[in-house]
Amino acid sequence: MFPRVVRLNSRLVSFALLGLQIANGAITYQHPDDLPSNVNYDFIVAGGGTAGLVVASRLSENSDWNILVIEAGPSNKDTPETRVPGLADSLPGSRTDWNYTTIPQDALGGRSLNYSRAKVLGGCSTHNGMVYTRGSEDDWNYWAEVTGDQALSWDSVLPIMKKAEKFSQDFSDQSVDGHIDPAVHGRDGLLSVVASYTNVSFNDLLLQTTKELSDEFPFKLDLNDGKPHELAWTQYTIDHNAERSSSATSYLETTGDNVHVLVNTHVTRIVSAGNGTNFRSVEFAVDSNSPKKVLQAKKELILSAGVIASPQVLMNSGIGGREELQAIGVDTLIDNPSVGKNLSDQAATLLMFDTTLPNTDYDVAAALTEWDKSRSGPMAHGARLNHLTWVRLPDDKLNGSDPSSGKDSPHIEFQFRQISHQLPPADVPNQVQLPDPDSIGVVLQFSVVNLYSISPGSVILNDNDPFANPMIDLNMFGDQKDIAILREGVRSARRMFSSPAFKDVINGTVYPPADVTSDEDLDAFLRTSAESYWHGVGTLSMSPQNASWGVVNPDFRVKGTSGLRVVDASVIPRAPAGHTQVPVYTFAEHASVLIAASYH
């Protein structure tokens, strides 16, 4: 992910948002000692992120069931800045972030990368860029094939996605004619989606490019129709009141009081009955200096701690590769070397072009005040620019091997960010020399993303301290094909901004410099500029029922156990052609049906 250009004064934010009213149907507890002693929970959800709150909400529809959610971070009610769409770029690295760092990456010259994961109720849906992309039809069919579960095919999940979605006219009543295909969307679900946009001249120039370079950059009416390999208007999880729509606001706040939420509390282990394979108990504590407590679910324990923390919890509980667990002094209860492996993410780089286009900068304090008073202005939008571009590379650029899920899937994404006088801050871990701000004018900045990295990473424990961060290895560019595809993405972007539409407003590329053109020079640039796009999945991958690999079965049960399921991004076998929040919502909706059906 990329530069945090918005720098905020926390006192300013708190003052501006004093009037923000937040409802919550569930009962929230701030400390383990506050939990009622007379409630026996049918289900315990370990992790109150995107998936965990979907599961809790759906299970709560049975009023006879009591559900407990345990979340390490604060409540979204205590972090009002997460409600404001325009503050999304300020959240990574903040109090709502785990602030992970990867181990040094060999192919990046030993650089370690920031790896943002949300630590707040609602998880990454409370913390992300709110982009709503479903992935490609090919992705879902691939997942169905690799897991042996046709319930994950595109035709099977599309009704689930529509049922969960509440697409609506946005807060400013902008016309969306020509921006979306209404037939693709649902309107009666819980998760709010809009196609809001800012009126900037850059919009018209991009659309003109889709006519001038239509072979490479055709226009797509709706990026969520299952075949996303064109330029399209972005859609966001924002509600009609210009507030972020997350699993905390859309799902949790609609539940009854049969859902209890314990925040600021870490899940340290899941506990088996008599060192067997029946896992229904969870151990938790506020911090490393606090006493640990254990609660047992009457029916099931659902682990939803995310792509990093879920494998960490399993390994600390004795579920993982025997040799790795023995090395850190953890007794092995279930020997499964797939735990923590298969980390699948997306590699990205930032591109900058010197331009005479009007800039998109604004006064943050004034914009916050406007949003607070009227839910309008730049803070009401998910981004300063309004389009995503998906590029499918021609076969002759793939060196005989196509890493995508199919012919209707793109290899590359362009996410346009801003046109600004501001450059990324100096504290971004980036070894490439940024241009001197005094030597250039306004700069168009956007990300170029390799959607399908084929070199898998891993999450491994340093020791058996559940409060210590694990070792995260993205293995970025571990395969030369990954850097080759991102290199072609950079060249594709340069072709876009060499089109006639941009001839009079683009003065040239400044990052990387214009003379960086050869394979060797572009690769050197990428090795010193690439970052993770923070779309990690796969560390507890789903696989067929009797497969010798993978961690969970298609019913989300952890292989070799009873009473324990995993529902979060970690079970998705591979990153999609797009952003990950919609697949996580969809997997969670599917899992909720399976869990509830087990008790009917």
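Any Cβ shown, glycine's included, is placed from N, Cα and C.
So that you can see what the record holds, here are the features copied from Swiss-Prot:
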- 1-25: signal peptide (SIGNAL)
- ASN99: N-linked glycosylation site (CARBOHYD)
- ASN114: N-linked glycosylation site (CARBOHYD)
- HIS127: tele-8alpha-FAD histidine (MOD_RES)
- ASN199: N-linked glycosylation site (CARBOHYD)
- ASN275: N-linked glycosylation site (CARBOHYD)
- ASN342: N-linked glycosylation site (CARBOHYD)
- ASN399: N-linked glycosylation site (CARBOHYD)
- ASN507: N-linked glycosylation site (CARBOHYD)
- HIS535: active site, proton acceptor (ACT_SITE)
- ASN546: N-linked glycosylation site (CARBOHYD)
- HIS579: active site (ACT_SITE)
Inter-residue Cα distance where the pair is ASN399 (N-linked glycosylation site) and ASN114 (N-linked glycosylation site), in Å: 31
Residues satisfying Cβ distance under 8 Å from ASN99 (N-linked glycosylation site), sequence separation of at least 6: GLY93, ASN114, SER116
Spatially closest candidate among ASN342, ASN507, ASN546, the listed glycosylation sites, to ASN199 (N-linked glycosylation site) (Cα to Cα): ASN507
Close in space, distant in sequence - ASN507 (N-linked glycosylation site), Cβ under 8 Å, 6 or more apart: PHE353, ASP354, THR355, THR356, GLY441
By Cα-Cα distance, the member of recorded positions HIS127, ASN275, HIS579 nearest ASN546 (N-linked glycosylation site): ASN275
Spatial neighbour of HIS579 (active site) that is closest, considering only the recorded positions HIS127, ASN275, ASN342, HIS535 and their CA atoms: HIS535
Winner by Cβ contact number (other Cβ atoms within 10 Å) across the active-site residues HIS535, HIS579: HIS579
Same-chain residues at least 6 apart in sequence whose Cβ lies under 8 Å from ASN399 (N-linked glycosylation site): LYS481, ALA484
Using Cα positions only, nearest of the recorded positions to the residue listed as 'tele-8alpha-FAD histidine' (ASN275, ASN342, HIS535): HIS535
